[in-house]
Each structure stands twice: as C-alpha cells, then as structure tokens.
Amino acid sequence: YITPVNSLEKHSWYHGPVSRNAAEYLLSSGINGSFLVRESESSPGQRSISLRYEGRVYHYRINTASDGKLYVSSESRFNTLAELVHHHSTVADGLITTLHYPAPKRNKPTIYGVSPNYDKWEMERTDITMKHKLGGGQYGEVYEGVWKKYSLTVAVKTLKEDTMEVEEFLKEAAVMKEIKHPNLVQLLGVCTREPPFYIITEFMTYGNLLDYLRECNRQEVSAVVLLYMATQISSAMEYLEKKNFIHRDLAARNCLVGENHLVKVADFGLSRLMTGDTYTAHAGAKFPIKWTAPESLAYNKFSIKSDVWAFGVLLWEIATYGMSPYPGIDLSQVYELLEKDYRMERPEGCPEKVYELMRACWQWNPSDRPSFAEIHQAFETMFQESSISDEVEKELGKRGTRGGAGSMLQAPELPTKTRTCRRAAEQKASPPSLTPKLLRRQVTASPSSGLSHKKEATKGSASGMGTPATAEPAPPSNKVGLSKASSEEMRVRRHKHSSESPGRDKGRLAKLKPAPPPPPACTGKAGKPAQSPSQEAGEAGGPTKTKCTSLAMDAVNTDPTKAGPPGEGLRKPVPPSVPKPQSTAKPPGTPTSPVSTPSTAPAPSPLAGDQQPSSAAFIPLISTRVSLRKTRQPPERIASGTITKGVVLDSTEALCLAISRNSEQMASHSAVLEAGKNLYTFCVSYVDSIQQMRNKFAFREAINKLESNLRELQICPATASSGPAATQDFSKLLSSVKEISDIVRR
C-alpha cells in the first residue's frame, strides 16, 4: 500500500504546517495581495489564509460546514480548498483584498548558476522586506523596502497583474541594467522569475522633483539650487545621449530628489535603445502631451531631440517651482498653438540666459534644437558664474524699486515674486477684464506678439536673443548662422512693433518667420494630442475640459493669417467685467471696504470691449502672465488682509443662492453673474492668505475654472438661461464653487 501524495502540495500557495509568525515572515517580502494557505501548528487539521495588505498580514480561519464544505464567508461554500482559493482570487468576498500572489515556499531550491538564463541582477524576493506604498508608477506600484542583507532602504517597483504589460516592464529593467551614472537612479536587482515582478532601485529620500518643488522652503531652494538641479539632469541626459538611449518621459514627476539637492532621472518605463536616428512608437501608444515634441505628437517619431524638447518643459517646471505647463490651455489645443509659434512665456524672475535655453529646446525643427552635450555645457558655464543669482536678485530688486514693493522682492527666488508695480503701471493702458487666458489666446492670433513682449520684459538687458551664443557652446556653423539671423529678426520685430500697427506688423513678421516642417493632415494634428490625456494625471490639477469650450471657440474663429487687429475676434464676445465685483450683490458678512473699492474704479472699462486700442493688446501680456505662485493683480484687487475665510464662504453661499433662485425663476441670469464676479474677486484677493502650498495650487486652479465658467455664461446668456443647457452650465459653475468652498474649509 502506497500512501497517496497530498494533492494540496502541488499548489504554490499551500505551505503545510506553518506558524502564524512564520507566515508573517514569509509575507514580509510580498506586496498587496500576497498570500499563503497554511495548516495551523497549534490546532492540527485547521487551515488558515494569511494575506498581506498595506503592510499588514491578516489571518482568516477556513471553516468546515456540517456538510463538509469549506468557507471563509458563510455565504460562499466550496467542495475543495482549490475552489475556495480560486473564488477569493477573483472577488474579496469578506477578505481585505483578493488573493493575488502566492508567497514563495521556504524550501524552494535556487537555480542560480544552473539556469541557462542566469542573470547576475536576479535576486530572491525573500531578501526584501516590503514596507509601505510610496505611490504608483508606469505599470504598477512603488513600495519602500529594506534589503535585509545590507539593512539598506530600497525602492521596489512592482507590476500590476492586470496590466498585461510584462514585456514593457521587463524592457524597463533591461534599460536600467545598461546604464550607470551619478544622476540616474541606480538599479540594484530584479525579481522576474515569477510574479509579482520586482525592480529594486536605490531609495531617494525626498521623492519626486515635482512635489519637492511645490512644497520646498524657497529660502533654501534658491535660484542657484534650481540651476544646480537643472545641471544635474542635463548631465544625466547627456550620458543617455552618448549611450544612444531615449527617455521619452522626461518630466519633473519622473526625477527624484535625495540629500543635499541631489537629483536623479528615473522612470525608464518608456525608454528605448536607439538603433537608428528615430524610434517609431506603436499605434495607440500614450504620451504626456504637454511634454511631448510636435513631431512625436504628429508622427509618433521619437529621437534624442524630442527628449530635448521635454527638457525645455522640465526647465520651465523648475523655474516655476512645479507649475503645470501651458496653464489654462486644454490638451487638445496644445499642438495647434505650438504650430502657430506659441511658446510659454519666461517665468517671472527666470534669468534671460535660462529662458533662451528653454526657447532653443522648443525649436520646431528637431535639428535646430541643441544637443544635451551643449545644454549641459551651457549650464556648467552658468553655474560657475556667480552672477546667476545676482541676475535674479537684480531683476527682482529692479521691479521692487518701481513702487515701494521692495520688501516683497528681496530673496533671489525665481517665480515666487509678483510684478506688482509693473502690473499697476501697465494696467493703466490695459483693461482689467483681460484675463490671462484671453491674453494667451491673443498670442495664438499673433505669434509675433509673444516674442515682442518678451523683449519688452527684458529691455535694458544686454543679453537678448543672442544670449545662447554665450550661454552654451557654439553649435555647428549652420546653427550659429541661424541663431544670428534669429537675433536680427527679433531686433526687426521689436523696432517694427513700436512704429507700425499690429496688423501691418503681423503681416511682415509672417514673411520673416521660416516655415516649419509640414505637419500631418489636419485630422492628425488635432487628433493625435487629443488621444493621449491619460498621462496628464501626473500633473497637479491640470486644466479641465471646462476651459476647452471658450478656448476652442476662439481658436476656430481666429485665423492668424487674416488682416486686421490681432485678437479682434476674441475681444468682441468677451464682456469687460468678469473679474469686477458688483456692489449690488453683497454676500452676507461681506465687509464694506472690499466692495466699495472696486466699484469706484470703473475708468478702464470703456476700453475693455471693442474700443480697446489695438496697440494695447501687446502691452499687458508680460505683466498679466499666469504665475503659479501669484495670481494677477488687477487695479481693483482688494487687500488680502480684508478678505477672510468667512467672506469667501459667504460669497460661495450667495452664488449658490442666486443659482437656486434663478432655477426657480425668482432671480435673473445677471444676478448669478453678479454673485459670481464678487466671488471671483474675493478669491483672487484671498489666495495669498492660504498657507499650505498644495491647497494654494488647488485654489488657483479652482479660480481658473470659476473664471472660465463665468465667461461661458456671459458669452452665451441666452443659452444659459433657457432649456436644459442651463442646468448643465450651472452645474459646471456649482462644481467650481463647491471646489472653492472645500479648499477654503480645509
């Protein structure tokens, strides 16, 4: 008689007699959903499931019913243990989570040195103790762990079982095995013999660069520190350039920060080894639109030059302490605007040399962009010059002396200071109702305007557009010629701008501008970017679809090649008083001084509509640009000290009441707009009172949504006041009001 082998032993999840403590030890190297089934040592014949979730191990007794069936939850009973495990691997049904990954058995033989596929990077997952989850990655989750052998804290990237991206995950590991540089995150090992797959890398103390920039102490992370960070990233990318790798997802969210402002490039999920000049992504591949070069959006073509474009956007993120690129612009509009020669403006306080480098990275033709070797050399040159912080301090101090705001402008921090005095002076010639969003659209209507006003912002500086020649090593001779021609062209634009009408100026500049390479068919242009919004999730509060409506209307109706004053088609439908509070609709508890102040300053309003002088369209662009750290300050801005949390909350309630009364046909559409304008003005004044930086970001985004919704209601009052469209429009407005209220209450 031969005793039959216990059929349970063939299952990877069955561990036989194992104590509770031993089960917890075996699961210490697992992740959410790691489990085992064991026989109780203290109670022979009794079995339990041990399941790990969020750093804890949960134990569930497997019960036997009177009819011999097995169950954990009495509602679901099974004939065999295998059936029970299979059921709970698809639905939790009483467990903390579903059963995903069987824990490795203690006596599993090693195959090191025996397998023909032996890999020196492969390590036993039992060598790693998993701790808490740090966040999500390209294909799975990232955990903090400890490498037991060395008591070393590590980061462990895992693959989500349901992503079916095993091949892509293993490609990332393959890339990391080939690279080693002080500013690239170092691979320590992999576990790829069985799921769950692990990539183990060094642990970076301060997490990703995007969150670090948004939450850092700006006295400590000064202009020089920001420059040092950019230098390190350019060094890492120069190394990848030499090794013929492309990253394809270069952004602040994919860089990590360690001690002493050490920065390393990470997240190689989209990286590829180049075998030719370009890499063509497969159809349906998703990319972060705002960081992706035009040729990549249009044709799915990637090269090291498309990484250079992304580096320019990353520089802009650094210079703005983590602002989301193209603020207020919908994803579907980005490619169209870039094609019309729109580029993001120079962040406040950003040195001209650094901005010129950004603009060089954003050349439409990939061949016109600098190499990473040139970029790195340019940063090394700038960093060795102590004048970089002096330049920032000088620019900020210069603005401070214009109107006695020097006390706000002392520290040499890049984008955190506002151009208060400059705004006050320039607002005399510009209508208060022109919002940053509208001004950006005027840039699309006249590509030259974006360049002209940048010149005005840096007037008196000796650098100008010729700065890249000194800020970075000279590129090949044809590039130098192009740079000089570009510099001459800019001088021509600047002088023509002051002496000619915008309509004529625009026509001439259109002739000067070299034609970009032919983009794809119209459907491809608009379609490509719109397909890939998913990776925008890495942004903090990116623009919402709400903003798309008015922007799309204006973009369609505006042809930059037509004669006439730029932005004419845009100004007509935009009434002049969106941000202006109305004294007739005071929310309860509102102090008298904030309301009376704006209502006594109506002087600029006649110029805000169709009668605005055409030349004034160019003047306020630099002063009213959107800044992450400061909202624009129209002349009627109320002193922030007079606007309290209660005032804002009362104003939100007043707007909700006006909407409710309008729905019941007890109040007019204009009453809703009036209450909305009051709320907008109070919010703009209140934003600087918010201490927590993350809340401040969210609040600014909410203000932008509110402004966009008010504009839509104001442009289309007939639609908004009748039929089912009213509910939809007011629901958008109510959503932004609720968002504002929630943030203020935090």
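Each residue, glycine too, has its Cβ placed from N, Cα and C.
Segment annotation: Swiss-Prot labels motif 'Kinase activation loop' over residues 267-291 (candidates 267-291, 317-341, 642-666, 692-716).
Cβ neighbour count for D249 (active site, proton acceptor) (all protein chains, 10 Å cutoff from its Cβ): 23. Shown in sequence order, V142, Y143, E144, A155, G207 are the residues of the chain, 6+ apart in sequence, with a C-beta less than 8 angstroms from the C-beta of L134 (ATP binding site).
In this model, the domain 'Protein kinase' (128-379) carries an average pLDDT of 86. The number of other Cβ atoms within 10 Å of the Cβ belonging to G140 (ATP binding site), over all protein chains shown, comes to 23.
Rounded to the nearest whole angstrom, the C-alpha distance between K157 (ATP binding site) and D249 (active site, proton acceptor) is 17. Each residue contributes its Cα atom, and for D249 (active site, proton acceptor) and M204 (ATP binding site) those atoms are 19 Å apart. All protein chains shown were included, and the count of other CB atoms within 10 Å of the CB of M204 (ATP binding site) stands at 21.
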